[in-house]
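Novice: Below you will find the structure I want to go over with you.
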Amino acid sequence: MAHIYRLLLLLLSNLWFSTAAQNQSETEWPLHDNGLSKVVQWDHYSFQVNGQRIFIFSGEFHYWRIPVPELWRDILEKVKATGFTAFAFYSSWAYHAPNNSTVDFSTGARDITPIFELAKELGMYMIVRPGPYVNAEASAGGFPLWLMTGEYGSLRNDDPRYTAAWTPYFANMSQITSKYQVTDGHNTLVYQIENEYGQQWIGDPKNRNPNKTAVAYMELLEASARENGITVPLTSNDPNMNSKSWGSDWSNAGGNVDVAGLDSYPSCWTCDVSQCTSTNGEYVPYKVIDYYDYFQEVQPTLPSFMPEFQGGSYNPWAGPEGGCPQDTSAEFANLFYRWNIGQRVTAMSLYMLYGGTNWGAIAAPVTATSYDYSAPISEDRSIGAKYSETKLLALFTRTAKDLTMTEAIGNGTQYTTNTAVRAFELRNPQTNAGFYVTFHTDTTVGGNQAFKLHVNTSVGALTVPKNEGLIQLNGHQSKIIVTDFTLGKRTLLYSTAEVLTYAVFENRPTLVLWVPTGESGEFAIKGAKSGKVENGDGCSGIKFKREKDYLVVNFSQAKGLSVLRLDNGVRVVLLDKAAAYRFWAPALTDDPNVQETETVLVHGPYLVRSASISKTTLALRGDSVEKTTLEIFAPHSVRKITWNGKEVQTSHTPYGSLKATLAAPPDIKLPALTSWRSNDSLPERLPSYDDSGPAWIEANHMTTSNPSPPATFPVLYADEYGFHNGVRLWRGYFNGSASGVFLNIQGGSAFGWSAWLNGHFLDSHLGTATTSQANKTLTFPSSILNPTENVLLIVHDDTGHDQTTGALNPRGILEARLLSNDTSSPPPEFTHWRLAGTAGGESNLDPIRGVFNEDGLFAERMGWHLPGFDDSAWTSENSATSASSALSFTGATVRFFRSVVPLNIPAGLDVSISFVLSTPTAAPKGYRAQLFVNGYQYGRYNPHIGNQVVFPVPPGILDYQGDNTIGLAVWAQTEEGAGIQVDWKVNYVADSSLSVAGFGKGLRPGWTEERLKFA
């Protein structure tokens, strides 16, 4: 049958590149299911749930990058408020498996059942992506770091050692998910196997020569998922258009999933766009990619599905401060997401919708602490223009039911009266509804182009606007012009203004249209004969012209909201873009496929989280950040409005809406960061230091399973000894004289190291944004050498394990070779090495925060960063009584600073707080600093490398109604020492249903005496 579908595809392609015809015969595409259930089905057009088609507009968030479960509601309510029908998340094997005998889905933020329950409550489908490999700019791509020794093979294959390693985690994840599937009335829609594993073929995929190892691996994963209760469709995501893996339309070679998908980052997944040239070619802003031909060639009988489409980009070390939001701005969201619709995509998930924070040692070396990703929801949880721009399209796709079943009829400049503008015509073969997606012919050009559009409608061919004005594309912009758009029992014949949404109250539709501020629009409603202006806020030039079967309305909309009423019962709300940004359509149902009778319309607030109606009362939950006028379009039965549980005084407008005023939230002032104390955190540099305690391990392996053996022995790879994160300390002993040492150390991009001999500082590798391995020859001054035993201390950090095939790249000392000026005899050798890292190693001493939270610094091993530690004997820093602290010291060492600061944030507010770290102008920059908040490492600040200075810390990590322990570990890599300025600030205050005061109880365990043994 495949050749028949490809023949049909060829015929469709001819239509696609030809001038549009009004009608197209409907092609009979096969309807697929996975043989286990018919609840979820799919075909050439879209996914279906219980026989209903749905446009899947989804966005990614990572629960492990915001380890406060109460805040998952905040993120997911903001996702729902955009109009998204789904969300996606990677699970992290590493986050749940601190060692090879533990899988933890119950402790603290590792219990993910609230996510599944929220999906059901809020009414969104889930795309669950368990890995076992996820990439995600996570250390080792989400693999647990105990897997990095080489003893489990080369990974991501059918090696029995690797299979035995991933099976417990993957089985647990599948079993948890199995309780929350669409097939059982819950909300998991699909289950992704592996991640960007485009390895099905050896050589050119067109030759279809299967990679049997990769096929066997995928079949093992699929079997495990099914054996552990997964009945929803299994999916995959190709990393690019070249690999063509795991789709049954392409081949039946083995290992195929039910629905294959394609990932795409047309503007580059990182702020360093040079990293994407091998995939995307030369970077040209706003250059688009053709996906239609790919999907028609590779999976013509499946939906055009993009499990990852660019929602932003991560900021690498030394990237611009604050990332590169200009690369994936609101304009990007406007153009590229509409482009996908023009390409007939009906299922796409934005990566990321909320990025979060690489707290602790979660990150791969490619990025620093922030994982803001320039996503629509910022790292500090605020929403802005990009979020609002995304919402304009998501609400449209939720309400445009005919968009879930379209054929591509044609594209080109022949649709317009301006050759600088082209259009793509999509048409529903059953209803004849049309969607004309318009762009600049050259999308990289952002000028202002005006045009008319040739469309086919149920009343014949028209050129619109008919009466006056032109359609405008101003800047990097796209517009979707609809024809024969269903409004309940009415029909929008066409509109040059974009549809935001519509609702039906008492069998009468309320249509919401928007245009950029100051632009004009024209629309036509079938069956209407006359109309009137009921509210003309900002609207001018309104004209009604009756045609034979429809009424044409022209308008120009400045700032504001206007309301028109037509004689056939249609109410039309006209918005400019600014007003549309503050317009919401909260659902009254927990069904993700929201119908037009199951929503209300709200204008004004910063955020509307939810709505429900009980008798005559409409209960709204949301956020207000300023004094706001609330306007509501709802059923006539609604007489009272509550906002966050409190009734608000309302008034009725002549055109049927309700209005109320929301007060501004109070200002929040943070207390001063003063009363700092400090202590030395590098006693290990001293010869008198005793390293015989349980914090230290003898590093004595003479063989390794790692595929990259060291140049000298013993093996000094930290992972071999169970220490996987950040800073590690090596003490190498030797007897007699040596003139120096050659050291070659590997720790990932932006890593650094320092060395001391017998307590005397030698030198450091400060690190660069791109250097992952650094060697130096250090000279030993004869004055500090002992004739007998000498101790060389090496302190090095790493910035995480590399991703994909680089995951096994070792972290530690690749070569340590003593040197001698005496050429008559061999140079001395190290007698033995001792190693210290995270307190307890893989034993997971702090299961709430987890093994990624701590490094091996003395301060961390001793628990100085934890609440409740007694620092009364420490040195007082006597900071100035202001909202900042300047902390400094001289000498190459590590010093730990600590302060306890109370907060008393009132209930009923959502407050976001960030720390700001900076280096005073005259202070040295050759240092590394780590920020700790109530025991959590929430910032890595390297002023000589990276540009991140703002570190958001969420409520729940911060105690908003109690004392907060703030710590700074500062590692000076030169004798000049270090100077650091510490501030904090309020990002926003919202009167909110999300009352964050009191969040995080149980997430901030305190200091215990057990820490003392790790000195």
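All positions are counted from 1 along the displayed chain.
Glycine is treated like the rest: Cβ placed from N, Cα and C.
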Novice: Looking at Swiss-Prot, which of Cys276, Cys324 bridges to Cys271 via a disulfide?
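Specialist: In Swiss-Prot, Cys271 forms its recorded disulfide with Cys324.
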Novice: Neighbour count first, Cβ atoms within 10 Å, every protein chain included; then name which of Asn211, Asn775 tops the list of glycosylation sites.
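Specialist: Per the Cβ count, the most surrounded site is Asn211.
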Novice: Between Glu137 (substrate binding site) and Asn99 (N-linked glycosylation site), how many Å separate their Cα atoms?
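Specialist: That separation, Cα to Cα, works out to 21 Å.
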Novice: Return the count of C-beta atoms lying within 10 angstroms of the C-beta of Asn456 (N-linked glycosylation site), excluding that atom itself.
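Specialist: There are 21 such Cβ atoms around Asn456 (N-linked glycosylation site).
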Novice: Do you know offhand how many angstrom separate Glu308 (active site, nucleophile) and Tyr265 (substrate binding site) by C-alpha?
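Specialist: Counting only the Cα atoms, the answer is 8 Å.
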Novice: Using C-alpha positions only, work out which of the recorded positions Ala136, Asn195, Glu196 is nearest to Asn411 (N-linked glycosylation site).
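Specialist: Result: the closest of the recorded positions to Asn411 (N-linked glycosylation site) is Glu196.
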Novice: Tell me, in order along the sequence, which recorded positions from Cys324, Asn775, Asn821 have their CA within 10 Å of Tyr373 (substrate binding site).
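Specialist: Those close enough are Cys324.
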Novice: Looking at the recorded positions listed here (Tyr90, Asn135, Asn195, Glu196, Tyr265), whose Cα lies nearest to that of Asn554 (N-linked glycosylation site)?
Specialist: Tyr265
Novice: Mind computing the max CA-CA distance among Tyr90, Asn135, Ala136, Glu137, Asn195, Tyr265, Tyr373, which the record assigns to substrate binding, rounded to whole Å?
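Specialist: It comes out at 19 Å between the most distant Cα atoms.
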Novice: How big is the gap, in Å, between the Cα of Glu196 (active site, proton donor) and that of Asn211 (N-linked glycosylation site), rounded to a whole number?
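Specialist: Glu196 (active site, proton donor) and Asn211 (N-linked glycosylation site) have their Cα atoms 15 Å apart.
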Novice: Please report the DSSP secondary structure of Asn821 (N-linked glycosylation site), reduced to three states.
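Specialist: The residue in question, Asn821 (N-linked glycosylation site), is coil (DSSP, three-state).
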Novice: Counting only residues 6+ apart in the same chain, whose Cβ is under 8 Å from the Cβ of Tyr90 (substrate binding site)?
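Specialist: Listed in sequence order, they are Glu60, His62, Arg129, Pro130, Gly131, Val134, Ala136, Gly142, Asn195.
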